[in-house]
Amino acid sequence: MSQPVTTNPLIIMLINMTVVFLVLIALGLVINLIHMIDPTRPKEKKQEEAAPAAVAAAEPAPAVEPAADEKGISPEIVAVIAAAIASYGYGVEQIRAIRPIERDGWKNSGRMRLSHRRS
Amino acid sequence: MELFNAFVVSLQAVWADSGFSAFEAGNGIMILVGLVLLYMAIVKEFEPLLLGPIAFGCILANFPRTGFLEEPGLMQAIHYGIANEIFPPLIFLGIGAMTDFGPLLARPVTLLLGAAAQIGVFVALVGAMLLGFNVQEAGAIGIIGGADGPTAIYLSIQMAPHLLGAIAVAAYSYMSLVPLIQPPVMKLLTTQKEREVTMEQLRPVTKFERVCFPIVAAIIISLLLPPIASLLGCLMLGNLFRESGVMDRLSDTAQNSLCNIVTIFLATGTGMTMNAHDFLVPQTLLIIGLGLVAFIAGTAGGVIFGKIMCRVSGWKINPLIGSAGVSAVPMAARVSQVVGMKSKPGNYLLMHAMGPNVAGVIGTAVAAGTMLAMLK
């Protein structure tokens, strides 16, 4: 067994903690580098661009098609629905109307049956 | 009469060769210790897969005149595997195959929590030196704070082989007591508001990242710290088996059959180092006490660094995940989850805590490598 570099416990603690932090920070940088060069990474930029566009374009939506409900739909809800639709790859211009669902169960049941027959 | 004399002489020879004639009080005490450990493993279910064979190994080690370590045989082969650092890297191979590095890759900043929790290792090292242990012994004792059994054994064998039994028993006992030791420290150091912090969902990690990480990490760490190349190399190789998607059979073997076989050898062999001559010394009690200090300090270090990260990130990191930096995969992460859920039902911290938890495994190995480079 060779001689230890130092026998001062505080120096050992400082050096070791510094090395542990530096190695793990270096690993963190490597992880970020791998993420950056990852050719299979989903294109975040496109999504980021689409989302604000969806939100921006969604705001006038109530003006295009006034809500059927007397109280109307809040701009926040419209923005969320538009962003969700945009995330599926549809353009905001394709949204024609956003209406609250009918409370009448019989009507809804009839609509669902019709849509099933069509499909 | 001649027949009777022959019978008596034979009986005396059998008695003289038996273990009873050389049995000492120390052996009896250690067999009792083994029985208590067996009770904890079987009845209390404290890490039974490890504590069970350790306890039985302890009982076996205290039978006099077995010649286990002197004569070629299974027991000597097991001892060879421990004394020559064969088993800890093989256990790491299995751990690598079982570990999901995804949460760490999704949020690499949690590596810092794994680093901060290593303070426990060095607090115990300072304490051990103040209590009169030499620097190599203190380093081996300190690594108990890493809550990583194979690394503790790996370092003890190289720096203080005579303390291996006490260090291994302390490390595995405290690992099984993590759910009792950590929560009071976590609650003491955090406020209710901090414990209620809800963390954002982790981003998805691609297969490319999962495959690249073990390869690159093995290269970098092995070049930086060659003394732990076999440990970290096996950890990353096991993880590559898992993540590559084309080595499922190897991954399955590493996770199950191989890991179980090596666990039997490693744990039994560790127990067999607990003979009365080496274990029944005042140092053992000091080591067990220092191990507890190391665990508490490591938990505190992780939580305090978590508090700092919580403030710096704008209350996006829950400090409770810091305690998971003390390795003990996945128990420490589960403790973070349980304490978080008690503070705010529905606040799931498990996946977030797995990041610092696996970072702790790497951090402990790095600390061990640095100590080997400096102190051996």
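First residue shown is number 1, and so on along the chain.
Including glycine, each Cβ sits where the backbone N, Cα and C put it.
Caution: TrEMBL annotation is automatic and unverified by curators.
Quick caveat, the model's predicted, so the values are computed rather than measured.
The transmembrane segment annotation in TrEMBL covers B:26-42 (among others). For the transmembrane segment (B:26-42), the list of distant contacts is 48, 50-52, 54-59, 61-64, 169, 176, 271, 274-277, 279-280: same-chain residues at least six beyond its ends, Cβ to Cβ under 8 Å.
Tertiary proximity for the transmembrane segment (B:49-65) is limited to same-chain residues at least six positions away from its ends with a CB under 8 Å from its CB atoms, namely 17-19, 22-24, 26-28, 30-31, 33-38, 40-42, 75, 149, 165, 168-169, 172-173, 176, 263-264, 267-276. Here TrEMBL flags B:49-65 (among others) as transmembrane segment.
Positions annotated as transmembrane segment by TrEMBL: B:77-97 (among others).
Under the heading transmembrane segment, TrEMBL lists B:109-132 (among others). Residues 103, 138-139, 141-146, 286-287, 290-291, 293-302, 304-306, 309, 317, 321-326, 352, 355-364, 366-367 of the same chain sit 6 or more residues outside the transmembrane segment (B:109-132) yet have a Cβ under 8 Å from a Cβ within it.
As annotated by TrEMBL, transmembrane segment applies to B:138-156 (among others).
Annotated transmembrane segment per TrEMBL: B:163-181 (among others), in sequence order.
Beyond the transmembrane segment (B:213-237), the same-chain residues lying 6 or more positions past its ends with a Cβ under 8 Å from any Cβ of the stretch are 85, 88-90, 92-93, 95-96, 99, 101, 105, 150-151, 154, 243, 361-362, 365-366, 368-370, 372-373, 376. What TrEMBL lists as transmembrane segment is B:213-237 (among others).
Annotation comment: TrEMBL describes B:258-277 (among others) as transmembrane segment.
Long-range contacts of the transmembrane segment (B:283-305) within the same chain, counting only residues at least 6 positions beyond its ends with a Cβ under 8 Å from a Cβ of the stretch, are 112-114, 116-121, 123-124, 127-128, 131, 133, 141-142, 144-147, 163, 166-167, 169-171, 173-174, 178, 181-182, 185-186, 189-190, 319-320, 322-326, 356, 360. Taken from TrEMBL, the feature transmembrane segment covers B:283-305 (among others).
For B:317-333 (among others), the entry in TrEMBL reads transmembrane segment. Residues 95, 99, 109-110, 113-118, 120, 145-148, 151, 175, 178-179, 182, 185-186, 189-190, 194-195, 197-199, 295, 298-299, 301-307, 309-310, 339-340, 343, 347, 349-350, 352-361, 363-364 of the same chain lie 6 or more positions beyond the ends of the transmembrane segment (B:317-333) yet place their CB under 8 Å from a CB of it.
Residues of the same chain lying 6 or more positions beyond the ends of the transmembrane segment (B:353-375) and with a Cβ under 8 Å from any Cβ of it are 95, 99-104, 106-107, 110-115, 117-118, 121-122, 135-136, 139, 142-143, 146-148, 151, 154-155, 158-159, 217, 221, 224-228, 231-232, 235, 302, 320-322, 324-330, 332-334, 336-337. TrEMBL lists B:353-375 (among others) with the feature transmembrane segment.
Long-range contacts of the transmembrane segment (B:258-277) within the same chain: residues 24, 26-27, 29-30, 33-34, 49-62, 68-69, 75, 78-79, 81-82, 87-88, 90-91, 93-95, 97-98, 150, 153, 164-166, 168-169, each at least 6 residues beyond the stretch ends and with a Cβ under 8 Å from a Cβ of the stretch.
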